[in-house]
Amino acid sequence: MQQNTNVDPLEIAKFERMAETWWDLNGEFKPLHLLNPLRLNYIDQTAGGIFGKKVLDVGCGGGILSESMARIGAIVHGLDMGEEPLEVARLHALETGVSINYVKNTAEAHREEHREYYDVVTCMEMLEHVPDPQSVIQACCDMVKPGGFVFFSTINRNIKSFVETIIGAEYLLKMLPIGTHDHNKFIKPSELMALVDNTDLLCKDALGITYNPLTGIFKYTPKVDVNYMIATQKVD
């Protein structure tokens, strides 16, 4: 797929409409704010610390993960194709005094001048929103240095994930706007591993994340049956 075509305009428009609520801790992106500390800790611990390292956040949206990585000393570039979320991210970084370079571009196009440039690349909750996940994974691989880490997170495709993330989170609990997710675009761990195997990345770890609606708390779980993350490392 061409580097400038791996974009779904409907997905971009969906997140453009929600951009103004990105930093509302009780708004439509509340789940991401609750989830972010777990993601940040997993990335920082697995990569051996990101302080002083060059990090690319692919599909950064309004900058929740990007800002948290910058606050602990990473040199962060945020990449997204949504202009409204990027403007929100830039403004919030300015207001909070965090230095981040936000760029409107696809991973495939950004790769052209950033091959083996980053120590760490993150691609969280993004693969299920693009037409060609393999293309994004390859671009992430190409942009990380040998020995560097690439992190992916997405949602497993099964009955349980449909019930929890769409019926539960969107319709019953109203944690997310209806239509945020398309179950057909969810990616099974075996499928993601197969895509990773087509690159120079090696899967080092996989970890699930579960949500308790009674306590409102996310926590790690060894089960990857719904939300999950994988850590990969580029072969030297």
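Here the Cβ of each residue, glycine as well, is placed from N, Cα and C on the backbone.
Not measured: the values here are computed from a predicted model.
Marked as S-adenosyl-L-methionine binding site by Swiss-Prot on the basis of sequence analysis: Arg39, Gly59, Asp80, Met124. Sequence-distant neighbours of Gly59 (S-adenosyl-L-methionine binding site) (same chain, six or more apart, CB under 8 Å from its CB) are Leu79, Asp80, Cys123, Met124, Glu125, Met126, His129, listed in sequence order.
Proximity of Arg39 (S-adenosyl-L-methionine binding site) to non-local residues of its own chain (separation of 6 or more, Cβ distance below 8 Å) is seen for Leu65, Met124, Ser153, Met229, given in sequence order.
Residue environment of Asp80 (S-adenosyl-L-methionine binding site) contains 25 other Cβ atoms, counted within 10 Å of its Cβ in all protein chains.
According to DSSP, Gly59 (S-adenosyl-L-methionine binding site) is assigned to coil rather than to any helix or strand. For the S-adenosyl-L-methionine site listed in the record, the two most distant Cα atoms among Arg39, Gly59, Asp80, Met124 lie 19 Å apart.
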